[in-house]
Amino acid sequence: MDGTNESNQGNFILLGFSDRPHLERILFVVILIAYLLTLVGNTTIILVSWLDPHLHTPMYFFLAHLSFLDLSFTTSSIPQLLYNLSGSDKTISYTGCAIQLFLFLGLGGVECLLLAVMAYDRFVAVCKPLHYMVIMNPRLCLGLVLIAWGCGVANSLAMSPVTLRLPRCGRHSVDHFLCEMPALIRMACVNTAAIEGTVFVLAVGIVLSPLVFILVSYGYIVRAVLQIQSASGRQKAFNTCGSHLTVVSLFYGNIIYMYMQPGNSSSQDQGKFLTLFYNIVTPLLNPLIYTLRNKEVKEALRRLLLHDREKKRVRVKGPDRHL
């Protein structure tokens with residue numbers, strides 16, 4: 001019996017953490033605070049990158065896109081999770097589930113590729129500093145971002161329908177807090193070896209290939225940095241790349257574990273908490289990593305705050321009048 005038609009007519013039940021009711025209230029408070037901080041942190045990065053002329057460079061152009069991605073990525077599932085944690089209703093409509101799956105796959109793929117683009121930007125900045133602004137011109141930067149978006153969306157368009165059309169034989173309970181691909185694959189009542197193989201191949205293309213590119217780029221960066229004579233120059237180069245490398249480590253560590261072993265091979269409980277980590281903790285930490293480790297962002301924030309204070313002071317005192 002094909003359960004696709006049945007699922008089209010009804011809702012899915014997101015089991016989430018319902019087997020641990022004592023944890024739900026605690027998780028609700030913690031996740032709500034983390035989500036609000038994520039919204040504030042990433043919005044701040046976007047506004048600072050846009051408003052401060054000193055940050056109108058390729059690096060901060062990509063960083064603003066990364067912050068927008070993090071906002072979209074976490075918003076695709078966290079509001080639904082908060083709703084489910086707040087009461088006994090754990091349902092999500094078939095359409096909502098399909099949209100959530102599409103956004104989660106698409107935005108996750110875009111972020112993998114965007115991190116590779118940012119690694120290339122750092123490679124050019126460190127290894128070819130004299131030609132940096134010529135190579136990383138606005139047209140190339142925009143083109144690289146569009147390619148990342150296009151490939152991420154294409155990956156989601158390929159995998160979302162295949163996952164949703166798997167026969168489920170009337171099963172509606174998703175053992176997860178969101179409509180995520182491995183959880184939906186586990187619901188199937190047919191052999192999923194073929195789709196798991198397809199997922200693996202696509203994961204190699206959209207997850208591992210960018211990671212290999214990032215590692216190769218940083219290999220060249222490290223070699224170039226070690227050739228710098230001054231200690232201050234080496235420290236500046238490492239600081240420039242350190243934030244990005246930290247973000248890459250956080251994001252890819254979880255993604256590889258989850259998507260290189262889909263379906264029944266992965267631990268369900270472990271998968272929930274890992275997904276929660278890279279869906280809320282990583283987007284929360286990214287703005288902190290870039291602001292705490294980056295003097296330019298901190299100085300831009302200081303300039304904007306001082307500018308706002310100066311404006312308020314002028315409004316309170318009023319313009320000087322010469323009689």
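Yeah, the Cβs are placed from backbone N, Cα and C, and that goes for glycine too.
As recorded in TrEMBL:
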- 26-48: transmembrane segment (TRANSMEM)
- 41-290: domain 'G-protein coupled receptors family 1 profile' (DOMAIN)
- 60-78: transmembrane segment (TRANSMEM)
- 98-120: transmembrane segment (TRANSMEM)
- 140-158: transmembrane segment (TRANSMEM)
- 200-221: transmembrane segment (TRANSMEM)
- 242-260: transmembrane segment (TRANSMEM)
- 272-292: transmembrane segment (TRANSMEM)
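Using a cut-off of 8 Å between Cβ atoms, the transmembrane segment (200-221) and the transmembrane segment (98-120) share at least three residue pairs, counting only pairs 6 or more apart in sequence. If you look at the transmembrane segment (26-48), the same-chain residues 6 or more away from its ends with a CB under 8 A from one of its CBs are 17, 55, 63-64, 67-68, 70-71, 74, 78-79, 81-82, 85-86, 276, 280-281, 283-284, 286-288, 290-291, 297, 300-301, 304.
On the 0 to 100 pLDDT scale, the domain 'G-protein coupled receptors family 1 profile' (41-290) averages 85 in this prediction.
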